[in-house]
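Worksheet: the structure to be examined is printed underneath.
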């Protein structure tokens, strides 16, 4: 999903909430029940319409959840604690020190998530967000070409999958728009095929496939692959928990009319 479309969608959310702001100073389900009873249904309608027009909106919104917006997730339903406000400081550089890159191994992933209060099990659960969306080729082509001195291709990749990726991402291409689905079989559906792909050595990122290199995380991958309902329940709980990281409520922070711009 383009940043322009995502921004427009986010602005729609915050226009609703800007004019429906409650007086509570904490997060709760139904935060706007008195000040704007239809707030959540309006947002839900906007989200559903956006995803219907562009399935990439679902993945974009999950990513956006890491950056302060919140919605009811398409495909997996759960109650969201509302009332969170935006901070007065917003630096693009902070994403690099907070979000794990696709090159991380299990130990690095575990430390990064632990810094935010998440367990290793929750880390594996949240990694399942890669069940939808797309990735630009530059995020993983190092696994396809000149991987190491002894292997031109990452040996942990299924050869047939690697061949398919090379067709989509030719060696030496400088096209910034080339991208592939994070999970090829059902790229617009939140399901456990992501975990099944990892078991088949078809994880797109190093950080995806690395989950098989650790006994504990490998067990979680296998467990999630066998239980769609179990993963969805745990994913919803982890997303709600993520929405409570470093929360600003009440009179702290601000409510933006434009998600990308701090109010002057």
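Our numbering is plain: 1 for the first residue shown, then up by one each step along the chain.
The backbone N, Cα and C atoms fix where each Cβ goes, and this holds for glycine too.
According to TrEMBL, the residue from 131, 134, 141 that belongs to the Ca(2+) site alongside 186, 191 is 131.
The least crowded of the binding-site residues 131, 186, judged by other CB atoms within 10 A of its own CB, is 186.
Note: the CA-CA distance between residue 131 (Ca(2+) binding site) and residue 100 (substrate binding site) rounds to 17 Å. Calculated from their C-alpha atoms, the gap between residue 137 (disulfide bond) and residue 191 (Ca(2+) binding site) amounts to 23 Å. Under 8 Å, Cβ to Cβ, and six or more positions away along its own chain, residue 191 (Ca(2+) binding site) finds 131, 228. Cβ atoms within 8 Å of the centroid of the Cβ atoms of 131, 186, 191 (the Ca(2+) site) belong to the same-chain residues 132, 183, 185, 187, 189, 190, 192, 193, 194, site residues excluded. DSSP assigns residue 186 (Ca(2+) binding site) to coil, not to a helix or a strand.
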